[in-house]
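The next block holds one structure in the form of structure tokens; read it before the comments.
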Amino acid sequence: MAHAGGGSGGSGAGGPAGRGLSGARWGRSGSAGHEKLPVHVEDALTYLDQVKIRFGSDPATYNGFLEIMKEFKSQSIDTPGVIRRVSQLFHEHPDLIVGFNAFLPLGYRIDIPKNGKLNIQSPLTSQENSHNHGDGAEDFKQQVPYKEDKPQVPLESDSVEFNNAISYVNKIKTRFLDHPEIYRSFLEILHTYQKEQLNTRGRPFRGMSEEEVFTEVANLFRGQEDLLSEFGQFLPEAKRSLFTGNGPCEMHSVQKNEHDKTPEHSRKRSRPSLLRPVSAPAKKKMKLRGTKDLSIAAVGKYGTLQEFSFFDKVRRVLKSQEVYENFLRCIALFNQELVSGSELLQLVSPFLGKFPELFAQFKSFLGVKELSFAPPMSDRSGDGISREIDYASCKRIGSSYRALPKTYQQPKCSGRTAICKELDHWTLLQGSWTDDYCMSKFKNTCWIPGYSAGVLNDTWVSFPSWSEDSTFVSSKKTPYEEQLHRCEDERFELDVVLETNLATIRVLESVQKKLSRMAPEDQEKFRLDDSLGGTSEVIQRRAIYRIYGDKAPEIIESLKKNPVTAVPVVLKRLKAKEEEWREAQQGFNKIWREQYEKAYLKSLDHQAVNFKQNDTKALRSKSLLNEIESVYDEHQEQHSEGRSAPSSEPHLIFVYEDRQILEDAAALISYYVKRQPAIQKEDQGTIHQLLHQFVPSLFFSQQLDLGASEESADEDRDSPQGQTTDPSERKKPAPGPHSSPPEEKGAFGDAPATEQPPLPPPAPHKPLDDVYSLFFANNNWYFFLRLHQTLCSRLLKIYRQAQKQLLEYRTEKEREKLLCEGRREKGSDPAMELRLKQPSEVELEEYYPAFLDMVRSLLEGSIDPTQYEDTLREMFTIHAYVGFTMDKLVQNIARQLHHLVSDDVCLKVVELYLNEKKRGAAGGNLSSRCVRAARETSYQWKAERCMADENCFKVMFLQRKGQVIMTIELLDTEEAQTEDPVEVQHLARYVEQYVGTEGASSSPTEGFLLKPVFLQRNLKKFRRRWQSEQARALRGEARSSWKRLVGVESACDVDCRFKLSTHKMVFIVNSEDYMYRRGTLCRAKQVQPLVLLRHHQHFEEWHSRWLEDNVTVEAASLVQDWLMGEEDEDMVPCKTLCETVHVHGLPVTRYRVQYSRRPASP
């Protein structure tokens, strides 16, 4: 069959499900069976299709239904027998039983109440039963296709005939899905033929003959040879008469084929069931109502055949069973009153949106005429033929073409000539083969080598990939790409104009040559057609209209009627325009080339379009503060939800991979600050000290001499580019964390930095790893560090891109050198040779120094920003966008530095850091950080008090493997701080004394009397051992401390926190101290049984003595009786069982009580 069925469509939608798409709101509730509506053949076919699909996996049930119909037709059973057997056969499918009511005679009806028992209604008298029985036979036989009873035809043959008829009708319905009028006309032909057969029963036949039916169907299916051939199997006699010309009319469009040679036995076989007229039994005369319209019983409350047909169509178009079940689930939500009608339309719009007819029918069922929220999608399906082919399983070429299956019957084409039937060695990649387009496609298709040029394509069809099926999202074109597209469009339009004009000139020149060879009399008689002597009517007309405008029709008419006079004039004008336009093209080429050169590099860079705007917003102070606050809020939310333990972890982490970039960043900032008249000279000196001494100390970098750094910056600015030092060549080892920095006591004093004598450079040594610096900063310092890190990261990107391009250039040069040596010719750049590319003014080795010089020029205003960006694009191509806002970034950093040197809080932050660094509280070795915990806590507390009105940031600089990692953490300073300075000093001193070692008591026994923390026995052992150690020390026999710790495992990992507001200490979970000797666990396992036995014996001895002193014999006996359940008074009957087991080698008695039932009371 042509579809995959929809058996559950009726049950899914028309079942007994309360308020649903059936019943009063969905279907049409019938009356008690006193009125019948006309039933059509498609209703019967739809019902049979439902039965076949529902029992597709159970053919015995379907064949049983066909057998019931056969027996009913032969009057072997009556109408109640049919009802009873059909009800038993479909007892698990109430929708099919209710649907069967449509074919029952008047007065009969099957109802299914809520209790599930069948309620069969029938006429009251037997006479009515007999008449209705005859009616029912006629009624059902009118609707259900069948065959005449032949005893030699088996039941299986009947099933095949039914299947063939249903499959054929469904095939027609699918084929002409886009032309429903053809399908309706076909059904009308069947209705007319059957009705005439009934009306002429018992009288001379005056209706349509089989030959007339076949002729009308052939005219209806013009061009559909496969459908007509299959229809001929149902009317073999009529088809044969038409083919042989003996019928009432001949079909000239249908040619003879293999059906002309019909075997003899096929002529004698019974007529198939599709068009067989209905005949009454010959031996029993009945009261017939055949002259009236057919009637249908009132349809039950579970749905109508129209609804069943709708769901069958939905299942066929959705194809996937899973998708169809999801569609039914949406309707189930509506049945359960969980969604409204409008919401149901929204739910089913993804399923039915591509099928407007089904969607409109669905809305009509709901009573909704119009869907305002989502217009249905246009149906993009192809013709009916393409729906019958599974292109997914067909052979393919690429992603756009599929091969038709070999079983596919080609449509008839009347426009092909003999050349189309030659050897099949060429093919065309075209998907059109119909009558109207064959010849046009034959002319305009492209040929593929390897196949014969004389054959049209009948195999490969175009298989489109819809844009909405693709997940690729194309980016929006930039303005520079649009400019390139406009240039290409203009060039294309001009080329089309020139080529059109040139083609017209060639055509008219050929006409002029032809006229020159004619006699004068022939020239006067010569006329041109609409093509004006060429092969196209359009090209010449366009060229003439372009030149003459409104006068073009007159010129064209003159060329046709008087070509001798008109052709030379028009040809001269065309050639003049050709020269004029060629000269204009040369001028346009220069303009287009300039536009290409300006927009080409810009069009390649998609990120630079929005980078400057977004970067300006991202580098604002508010954006930087919002970034870390959002991370802080996220951590707090995770902690409050219990997803993470409260811990001190950084909110932002940045990596400085190359510390040499710090010098370049400092040089750029100093260069800009030095040339700002708004910054006072004193502030400039302080800024230089921060950049060249304070900041490098945070990053464990070399501290530069101020005077030398400024002179080197000026020399680099004034020196030629070829002598600028590379950052990689200027690298020097950085000092370690313990190297003595220059005297920082007067770093922010009144004396300018240039007056201080230069310090000797420190001795180079290998930088240490796992060292850190701790710095508590306020908002302004946080902004500066973030901007400084952004500047360094962008400088590093530019530097690495320059190194990468240099490496690629050298690799390419080596490859070209090897190739040139093999060919023995000089290698050169083709773009250079063609003068399409100008040599770069900057060598690749100098790209990074040249970039720094351009940034300096941009900062001082000696270079235009547009020129700066274009030069960067030429140097770094699509990676240059990171340097476009370098001037704005340096200006923001200079503005923050001015705040740092002019704000008192910022200066106090630096002074506090320098003081704490001298105390060892601002960094050191990472492994000994626990030693500095108290001092760092004190430093943090002082910093929070200093920045009471601002945010406090904990910034750590960690040096590891040649890199510096900067972490930033926003601290919570909202807890109440004490205002009493005496109490504050006392707390700081207490914390430092508690955690530190220098404040510990010298005597181990001091303070133990108030709250002893040791057991007395351990304390005694310690005193004896301590005295012996002192005696050995006096004799010089004491062991060294490391010998005493041999074989001892220990760890000091306990962590604690102090609440400054409450002076309470809180220990951190999963942190502890431990110490034990190696081998003690093994020895403990060996001696454990002995220790347990000794403890058990001690306990037994103590217990025996206690019993003798405190318990009498009678009391012990009573307790023993009670325990064993032998005491009867006020006790539930029970019995105690004693079991002796051994636990760790010791006998242990276990008691278990078993309760018995209490005897029933009298």
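Yeah, the Cβs are placed from backbone N, Cα and C, and that goes for glycine too.
Owing to the predicted nature of the structure, the values given are computational and were not obtained by experimental measurement.
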Exercise for the section: If Swiss-Prot is the reference, give me the range from 394-430, 838-874, 1023-1059 marked as region 'Middle-domain'. Expected result: 394-430
Practice task
Determine how many residues of the region 'HDAC-interacting domain' (446-572) DSSP places in helix, in strand and in coil.
Solution key: 82 helix, 4 strand, 41 coil
Problem - For the domain 'PAH 1' (37-107), the number of residues DSSP places in helix, strand and coil - result: 50 helix, 0 strand, 21 coil
Problem - Average pLDDT across the domain 'PAH 1' (37-107), rounded to a whole number - result: 78
